[in-house]
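Chemist: Handing you this structure, nothing more for now.
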Amino acid sequence: MGRYFGTSGIREVVNEKLTPELALKVGLALGTYLQEGKVVIGCDTRTSSVMLKNAVISGLLATGIDVIDIGLAPTPLTGFAIRLYNAEAGVTITASHNPPQYNGIKVWDRDGMAYTPDKEHELEKIIESGNFRRVPWNEVGTLKTANPRKEYIEAILREINLKGSYTVVIDAGNGAGSIVSPYLHRELGNRVITLNSDPSGFFVRELEPNKESLSMLEKTVKVLNADIGIAHDGDADRVGVVDENGEFVEYEVMLSLIAGYMLKKYGKGKIVTTVDAGFALDDYIRELGGEVVRTRVGDVAVAEELVKHGGVFGGEPSGTWIMPQWNLTPDGIFASALVLEMIDRLGPIGELAKDVPKYVTLRKKIPCSNELKNKVMNKIADLIPREFSYERIITIDGIRIENDDWWILFRPSGTEPIMRITLEAHTEEMAERLMKKAENLVKSVIKDLSS
């Protein structure tokens, strides 16, 4: 990670590390890097988003870059608008699933793919140098506003076709998805009920769509006898799913199901995922004649591998999916329509999920300052051979150790001051035992290095 950019752009607490001054510099740096052309910019519903968006716009205009402001917009809408308006780049002001005190700045290229670490490093060098391009008064960029929502929905309707009509409950999490996702599903012919659909920066539930945060969605699906529940995070680059029985479908299961459906829809090929994805995906995809390729965590890494291998689908076990036939931007809204198409063609998710191999997955977050992360990882690397007996090790992002019946991933978060432990095992007893051992190791290392 660089000084400013992590695994998902810049993401920090507002008015502490992420200030309007920094946002202005990002705009100046991006304009200096591009030299010419148009940039699309949109933001999520956070209370600080308009403030930061306007600062980035000012920096871009000062360098002679024309800006198209699409206002409140889910991240996938920004990715779509880049191509719609033939822009050189796009910017989203969002902290995705982080708590409301956070915000972020994420930059996208003309193909809708997030800026790579190399490109972000170039922006950081320009910020550090302070050598910004500043044009004279008669060359300042122009600012236009636009609303591409209609075109976005129409484009999805050309890709997704439902034969039936379904009852869909959508929990938009008070995020930017609330202004698009319910409308799309009504246009698809579904009966739509919404939860947390007020686009407010004071979020009612935890933004990360998971079983703990979606209890109300589960209850609503069950009470209304709905066909499916759909949930988004703050910028709708993710999708979470509740099945027809009112049960949250674990991300590992949904990743396997949708990857398998993409193979059936578009033909055999490579499925790209990240180092924190489990064995179930490999087992499920192998049966369908596909191949799984792993890369580091983050949608940009997934997108890069999709382009490199000509992959059919890319996804993370966090509900972040990229459909390259559609766009290289992670798109939780298009993904939700794709899930409905899968149900329409293959049957209820609860039934489909029975075909996905079941393993026990555990995740743990342990507080760790950003300054300590590298030292902690180095120490863990030294201690792992003494603490665990394993057959394989993968170090493309963090440290993943594997045996045939379990794996553990130690990885510093690129967006929060935490260490992440993710593991999978064939039995619950084994998973609990491994997690206790892994957690004790990380906590003891952090304690030793903090004293």
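Glycine too: its Cβ is placed from the backbone N, Cα and C atoms.
So Swiss-Prot lists the following for this protein:
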type	residues	note
BINDING	Ser96, Asp233, Asp235, Asp237	Mg(2+) binding site
MOD_RES	Ser96	phosphoserine
ACT_SITE	Ser96	active site, phosphoserine intermediate
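Where in this structure would I find these features, and how exposed are they?
Modeler: In the three-state DSSP scheme, Asp233 (Mg(2+) binding site) falls into the coil class. The Cβ neighbour count for Asp233 (Mg(2+) binding site), using a 10 Å radius and every protein chain shown, is 32.
Secondary structure at Ser96 (Mg(2+) binding site), as computed by DSSP, is coil.
Non-local contacts of Ser96 (Mg(2+) binding site) by the CB criterion (under 8 A, 6+ apart in sequence, same chain) comprise Ser8, Arg11, Thr75, Gly104, Leu207, Asp233, Gly234, Asp235, Asp237, Arg238, Thr415.
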Chemist: Beyond Ser96, Asp233, Asp235, Asp237, what residues of that chain have CB atoms within 8 A of the centre of the Mg(2+) site's CB atoms?
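Modeler: For the Mg(2+) site the neighbour list reads Asp44, Pro74, Thr75, Thr94, His97, Gly175, Leu207, His232, Gly234, Ala236, Arg238, Pro330, Gly332.
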Chemist: 10 Å Cβ neighbour count around Asp237 (Mg(2+) binding site)?
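Modeler: I count 35 other Cβ atoms within 10 Å of it.
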